[in-house]
Structure formats: C-alpha cells, structure tokens
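Some notes on the structure that comes next.
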Amino acid sequence: MYEKLIGAHVSASGGVELAPVRAHEIGANAFALFTKNQRQWAAKPLEASSIRAFKANCKKWGFGSEAILPHDSYLINLGAPEPEKLDKSRAAFVDEMLRCDQLGLTLLNFHPGSHLQQVSEEACLATIAESINLAHRQVPNVIAVIENTAGQGSNLGWRFEHLAAIIDQVEDKERVGVCLDTCHTFAAGYDLRTKAACDETFAEFERVVGMHYLRAMHINDSKGKLASRVDRHHSLGMGEIGWECFEYIAQDARFNGIPLILETIDPDIWATEIATLRKFSTQKEN
C-alpha cells in the first residue's frame, strides 16, 4: 500500500465505470472524474449497471473511496447572488452529492463560487457555507471539498481566509474540507518555488485553515507567474513553479493518504509524471 495516493483527472467518457480502468492504465492509485457532463446542468441518472461496474472496477484495481475525488459541474455557483441561479446551483450540487453517494464515494470537490460584483465577499462566503449546509442535510456521508481558486474575476476561495470563513460557517465540520491546487495557490500569490517557500505557504495554511482540513490536492505547474491571478495549468517542471515543490509534496508525510491529482495539460505524459512523483515519494520522508 503506497502512502501517497497519486493519480490524474481521467475521462469518464463512455461511462463512469471506465474511469478506474483508465486510472489503472497510467499507473495511478488515485483518480478524479466527473460523474456527469461538467458543462451541462441536467444529466440522466446513473444506471444501476454502471454503478455496479464502477464499484467492481474500483475493487479490482484497488481504488478505495479515500483515493477518488469526483469534481462537480463548472456551471454551479454556490454563492450566486441571483436567487434563480442560486436555487439551480444548489439543486445541481445536491444531485452531484447523490451521484457520489450512489457510487460509494465520500468526497466531492467543487469551486466555491463567485460574487459577480453584485454582493460583498462576506455575503457570498456566507451563501456558499449555507449551500453546503443545505446539501449536507439532504445527502449523508459525502464530504464537501472546497477547491482554492486562482482568483480570476470575482471567484472567491483564492485567499486561505476565504476557505476558513466558509468552513467556520459550515455546521458539520466533519464533512467539509479543502483541495489545494498548486497552480491556483501559486497564482493567488502563495509562493511554492522552493522548499522554504513551501514551508512558509503550508505553515500559513495551517495557521489560517488547519492542515486537518486538507482532504486532497491538485498537482499542477503554472503557466502564469506568482500572484498573476490566472488559472493556466502546465506540465510538472515546465511552468513557473518547478520540480522542487512537487518533490516536497511527494516526500512530506502531511500529504499521505489524500488524493494527489494531476490536472496537467498533456495526458500523454501523466504516466511519466505519476512515476516521477512516486519515485520522489520513496526517496525520503521529511
């Protein structure tokens, strides 16, 4: 059993049951997926045969629920200022949680939301937290995993304080967590280029949010520079962050047992990137 759960966001095209197969093919022991089309509001319910096959394939290839990170639709805005869009987003988010529960999955990764220049940051963060509370009341078992953002436009979640404010207002603290995306973190202004910078950034996360809330990570290099507030992923070692950060994460025991998911731009080298991270992880533990 590897201590590091390393994988990529694989396609579920042709059925969710194919995602674990694709993850296994690239040497992953973790993976992310969309359980429905991420660019559409409506989705037909999961078929019983797909659910059975998904669970069987996960069992066959050794993927436990702690290693699988479903991502919700990009259309959902849990902080939407317009009541109609908010209601639609909340209903869609509950549906995403239900799909996770049907598949036996316990994590749901999502982007927190945007104020669209219509309400204050504080009001939007409170709305996001209430959206999570409403979903928790309707769906058991599934943990809402808030992804930090790069800070583009009016998107919230780029400052660690935003994440802390949401968590503070979520009633069931056992069912809320954070997914830190390295590209987003760097683009938001938190340096990761050296081990010293990583020490400082994760110490700040511990101070503001708490490492015990870290449920997953997206492992991406960045095309944009530090504090660019631009969400543009790059292959590992080819962007502005560089390999030192990814070696740091692979070798630090604080990141054991959570999905470390590539969303890098060239799927053809995912297997190589996973193998490199795995090699780093076996060299030493900090």
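Every residue, even glycine, has its Cβ placed from backbone N, Cα and C.
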In Swiss-Prot, the residues Glu147, Asp181, Glu263 are said to bind Zn(2+) 2. Which of His71, His115, His218 is said to bind at that same site?
His218
Could you look at His162, His184 and say which one Swiss-Prot places alongside Asp231, His233 in the Zn(2+) 3 site?
His184
Of the candidates His24, His111, which one does Swiss-Prot list alongside His71, Glu147 as binding Zn(2+) 1?
His111
Tell me, if you would, which residue among Glu147, Asp181 (binding-site residues) has the fewest other CB atoms within 10 Å in the structure shown?
Glu147
DSSP-derived class (H/G/I helix, E/B strand, else coil) of His184 (Zn(2+) 3 binding site)
helix
Hey, for the Zn(2+) 1 site built from His71, His111, Glu147, who else sits with CB inside 8 A of the CB center?
Asp72, Asn109, Phe110, Val145, Ile146, Cys179
About how far apart, in whole Å, are the alpha carbons (Cα) of His111 (Zn(2+) 1 binding site) and His233 (Zn(2+) 3 binding site)?
16
If you count the C-beta atoms lying within 10 Å of each candidate's C-beta, which of the binding-site residues Asp231, Glu263 ends up with the smallest number?
Glu263
